[in-house]
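What follows is a short report on a single structure.
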Amino acid sequence: MSVAEIEEGVFEATVTIDNGSFGTRAIRFETGRLALQAAGAVVAYLDADNMLLSATTASKNPKEQFDFFPLTVDVEERMYAAGRIPGSFFRREGRPSTDAILTCRLIDRPLRPSFVDGLRNEIQVVVTILSVDPNDLYDVLAINAASASTQLGGLPFSGPIGGVRVALIDGTWVAFPTVEQLERAVFDMVIAGRIVGTDDEGKPDVAIMMVEAEATENVIELVECGAQAPTESIVAQGLEVAKPFIAALCTAQQELADVVSSRQAKPPVEYPTFPDYGDDVYYSVASMATDELAAALTIGAKLERDQRTNEIKTQVLERLAGTYEGREKELGAAFRSLTKKLVRQRILTNHFRIDGRGITDIRALSAEVAVVPRAHGSALFERGETQILGVTTLDMVKMAQQIDSLGPETSKRYMHHYNFPPFSTGETGRVGSPKRREIGHGALAERALVPVLPSVEEFPYAIRQVSEALGSNGSTSMGSVCASTLALLNAGVPLKAPVAGIAMGLVSDDVEFDGGTERRFVTLTDILGAEDAFGDMDFKCAGTKDFVTALQLDTKLDGIPSQVLAGALAQAKDARLTILEVMAEAIDRPDEMSPYAPRVITIKVPVDKIGEVIGPKGKVINAITEETGAQISIEDDGTVFVGATDGLSAQAAINKINAIANPQLPTVGERFLGTVVKITEFGAFVSLLPGRDGLVHISKLGKGKRIAKVEDVVNVGDKLRVEIADIEKRGKISLVLVADDDSATVPAAPADAGAAQEFGSGTAPADAATASS
């Protein structure tokens, strides 16, 4: 690995990823050619066809009035990157896609904690996707590019950060897998980290900062065929496998930054920091509030505890306001810091948590289904003060979401939406379009459930799952997984296995012990909101009783020992099994489908008959829809989805489709109750079967009497009882009216049919359709 100057002022560093029999990938960082006015800019390449530009800029003056770090990450997808014109009305890119938003979050999560505390200059990282191979994913490359451009920007940043995707394929962990290779994977992980020193062997010591992982869509089928299931130990193994790749990527970025800084001397920029509080403020707050606050933090109920701590805070602010006039923000920050210290100390020394639980205890659990009357499926899941309502809606497959982004996915049959209204935390705030956090939480719950969903052949429905966070005090995203499993089963969705989720936390610090100090790690099961805020790790894990389906980890520490992480995974599994037992008491198998849910039936028609079923400008299929009330969707392979609110309407539509696609030719002598569809000077055309008409000549309409005009006897829309008198070689059918005294032999026409055949030849064969109800 080395840095090369490919032309004057343009430098590049390359990392080669060797996956053995799975091939090699080349990641290249280039700077000095594009976006030269940014504080730092890098063009990152993955092999030859994937190219993106990351530019990092910083405001010249700090925003002293802010009490947070103003970092913004934006990912700009350009449709030209895939050789496409945007599908929007204006034919240009608009609001970011879900893929772009999720990539922003992947970048932000490891980047934000790597900046120095107290920085108040606005920092913006913009990643523009310039070229992408449809067989590759750009998100992990974007993490590395954002880190590299930030490292080059001369900012107070403790990077660089390396990101890698590893997938378990045929028992081997493969780095930077292609989309094609991922189809054979059982587990897929995006991992970001940084080098924090060297280990005992002198190799780079990598601290994992962020993990986003999921089982793949076809994991169960692959495991049944002999593939390794993604158990907790396998997941921990994957985290270790990723570390050498992360080290190589970080080293390349650092070497590039070192060479550029030595060749292109820029005047150093000073970025002032603004500590949240001064030591004098903290000492005064601690002296005044420690005892009362420690007692308040033993109150188990969240609302009562918050009320008491707010009372103490108000008293402290009032008593110290005169002493620290103009530094009120510091007083509030110092009070929060004291709260954090007390909570962490009690956990580390006494294993005593805010609400009185032990470190592995789960709060009270409650599960209930069928709580929303007309919903196709619904459930209410409660864990302590966290309350999630899950609602399932089923519809035709054609209602799947169409995706216009640079990702490989063009449509999504299962859509999971998460809502987090402000009242869930007892606050006021904006409601409306989802924020990035809501999109991210919905995506996490979706990834947890996709591996257990039935295939479209097994369950021909589009599924929309909505998670309403009605109460929040710790991990509404994992509560959403539990509520969604319950609601899906209540809707009659045949899940391959139920899924539950749990949020874990970690507190670590040096604790005095036997006259010395030791580094102590305490893993917490089912963390509260305060434990999430004051802890060192947010670790969410979802899965079945047998394996992990989704995992998300963020940590503020410079590395978590492998045995601590393995213990957290095992602890999470114990909690997951407990929750699954409670869920099974509410519902342990799919319910009957709601009477309000559509009934969808699938049939197959020959591909060369698709055009006949649709008809010119959709005339035939629209007529069937209008007559039967069913919704019809036809795929390119001849699969037809027929949906209706009742089975009779769906079957009537299927009969009509089969009459066109799998016709049984009428014979001379057969009788029908048909509808007049066209009138000419020489007779009336009568519809016998969908797509098949016959002619009653004008001479046959008068019942032996001569008539001058066809309209004197019949009009379009009239029903006639007719018999086939002749069928010409070219297929033309001649009809005669059935005498009134013979009409009893002709069966009455069904209300939903254009024509009824006397011998029922329009009925679909019993094995021609598969019903899902």
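Backbone N, Cα and C atoms are what each Cβ position is placed from, and that goes for glycine too.
Residues annotated as Mg(2+) binding site in Swiss-Prot: ASP532, ASP538. The Cβ of ASP538 (Mg(2+) binding site) lies under 8 Å from the Cβ of ALA503, GLY505, ILE527, ASP532, GLN552, LEU553, ASP554, THR555, each of these being in the same chain and 6 or more residues away along the sequence.
Taken from Swiss-Prot, the feature domain 'KH' applies to 598-657, supported by sequence analysis.
Taken from Swiss-Prot, the feature domain 'S1 motif' covers 669-738, and the record attributes it to sequence analysis. Each residue in the domain 'S1 motif' (669-738) has a pLDDT score, and their mean in this model is 84.
The region 'Disordered' annotation in Swiss-Prot covers 749-773.
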Cβ neighbour count (within 10 Å, all chains shown) around ASP532 (Mg(2+) binding site): 17
Take the domain 'KH' (598-657) and count its residues per DSSP category (helix H/G/I, strand E/B, coil), listing them in that order. 32 helix, 16 strand, 12 coil
Indicate whether ASP538 (Mg(2+) binding site) is helix, strand or coil by DSSP. strand
